[in-house]
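S.K.: Dumping the structure here so I can ask a few things about it.
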Amino acid sequence: MAASEAPADSSEAALAAALADVPELARLLEIDPYLKPFAGDFQRRYKRFNETLNNIGENEGGIDKFSRGYESFGVHRCADGGLYCKEWAPGAEGVFLTGDFNDWNPFSYPYKKLDYGKWELYIPPKKNNSLLVPHGSKLKVVIRSKSGEILYRISPWAKYVTREGDNVNYDWIHWDPEHSYKFKHSKPKKPRGLRIYESHVGISSYEGKIASYKHFTCNVLPRIKDLGYNCIQMMAIMEHAYYASFGYQITSFFAASSRYGTPEELKELVDTAHSMGITVLLDVVHSHASKNSEDGLNMFDGTDSCYFHSGPRGNHDLWDSRLFAYSNWEVLRFLLSNIRWWLEEYGFDGFRFDGVTSMLYHHHGMGQGFSGDYHEYFGLQVDEDALIYLMLANHLIHTLYPDSITVAEDVSGMPALCSPISQGGVGFDYRLAMAIPDKWIQLLKEFKDEDWNMGNIVYTLTNRRYLEKCIAYAESHDQALVGDKTLAFWLMDAEMYTNMSVLTPFTPVIDRGIQLHKMIRLITHALGGEGYLNFMGNEFGHPEWLDFPRKGNNESYHYARRQFHLTDDDLLRYKFLNNFDRDMNKLEERCGWLSAPQAYVSEKHEANKIIAFERAGLLFIFNFHPSKSYTDYRVGTTLPGKFKIVLDTDAAEYGGHQRLDHNTDFFSEDFKHNERPCSLLVYIPSRVGLVLQNADMPH
């Protein structure tokens, strides 16, 4: 008897120890009791996070000081006019600074070797007090490797790099302007419901060229504001040598991409967005780095192990890129300082962390179909070095700026990713609901409209962890890329080129496409999460895919653009989708369903193709049936009284058939239906989504 009780006693003791070590672990286990067997994993992660934080405190004076690496590393003008330079190059035999300032003499300014692989150099000021290294001049770090090789490198801390003419590699330009941009506007308050406009500066013009920060500020920000988005997520800002990588192969982590303009112009963009009340997130790529060595981090000191793991662990086979050694002290300094740099220098309000699944697991998510079995999220397959780094990053961000927002791009569904660190979680505010776009694509590709499964749609839109917030989206940049199709293209395909004029009659394809495009967006927005995301141009059904200039398309910019002017043409039907997107966002702004508790779904009727649910005091009704309309259809509600239509996909201004009279009052009666205490009778035309609001509620 005693022997059989021993394991139970030891597991109880282990649980008690975990609860003692992790301040609010009890709350996490109360929310999800199925995590109890893994309490030891949460305990170990939290203890490692705390130990690292304490080590930073003891050795560096705290994370606040530790995350200011950019103030000493790199090249800096001193108050006396001299120059202070510092690098971490543990594998180097010698380090030197060269550039225009010394006529490119590689060895005239050697760095002094310090402990722990660091090197420093102080160059006294000129006698005439003129700048030793003027703004705009070129520099290089020269590395003498252990094998005696002489390597010319860009500092990992370089703040501005650019490529001249047909040069293959980027040049490091000393950025030290006499007048740097001064921010004029305060940061907006953290939105209660995030409505994100996923943006790429370079493709934001209709012309076949790389658009600028200035263009985006003057022409795109006003559109975003008008559409009712309160947040932009900026892609491809961190410098990347290869434009077609969509900004995911970073070469210079502290440099804002020069292909769109100067650092000061990016600051102006962020500041202008703030003046409009728009929160600005940076798409931060700390999951991997470009393999470039001439103008990237790779082989900086002549070894393959400077910032990255040596050998196979340091390579991502699918992405052909390098993987950071997250437990390395100087790598932590570099990455945490990089986070802080974008917050402090450019005024960003938070981050969308790219490639989190790749970071969390040693298998990087490759060849893994996550089933939701909790054993997939714990144990030896988890890269706890990377996980601790993400905890530190979230801790830093939310300590510095409590209103900052962090979003994780994770396809695995790791539990507690968006739970507070004090509960043993990783500390993200939101995760992307990546199953939702896959579901819509699957339905459009594989099923006839009459075979759509209402229960399955509702399950996909509501299947999220309790109290871990999700960003829902019908499609993002992933679906717009060449090789995939946007929802508009799946729905309307080639007819978008010929039948989008209001002067031509509705064809069945265009009619179906326009109606479903709106319905899919509305149900995703209202049911799918605590935030909503849209990729630029998709809101109006942009008629082309996205393809960056590359060898395979003869370096063409034809598809690396967004044709916003299509929505301004009164003779084209794109305006209808644009109008609907705007009014959907404006209704959410008024009613706040994204910040309301998850919806109560009262109906998912397979034969009738009806979905009905309540959220934020609104009644949402969808009829996905391709041909059947229903008169006096009974729908359940919690609220008694009079209801009015506040949004209707069938309205004329949205390219609908105007089958609903918005002057009609609907009265709910004390008649229980679908587990709701009240109900009302509604006319629901085919392929329509409508939103009803109780007249007694504030508008």
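Positions of Cβ are set from backbone N, Cα and C atoms, glycine also.
Since we're looking at a predicted model, the values are computed, not measured.
According to TrEMBL:
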- Asp354: active site, nucleophile (ACT_SITE)
- Glu409: active site, proton donor (ACT_SITE)
- 200-565: domain 'Glycosyl hydrolase family 13 catalytic' (DOMAIN)
S.K.: Take every residue in the domain 'Glycosyl hydrolase family 13 catalytic' (200-565), average their pLDDT values, and give the whole-number result.
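M.R.: Over the domain 'Glycosyl hydrolase family 13 catalytic' (200-565), the predicted model scores a mean pLDDT of 95.
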S.K.: For Asp354 (active site, nucleophile), write down the residues of its own chain that are at least 6 apart in sequence and whose Cβ falls under 8 Å from its Cβ; none is a fine answer.
M.R.: Tyr248, Asp283, Val284, Val285, His286, Ser287, Glu409
S.K.: Determine the Cβ neighbour count for the residue listed as 'active site, proton donor': the number of other Cβ atoms within 10 Å of its Cβ.
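M.R.: The answer is 20.
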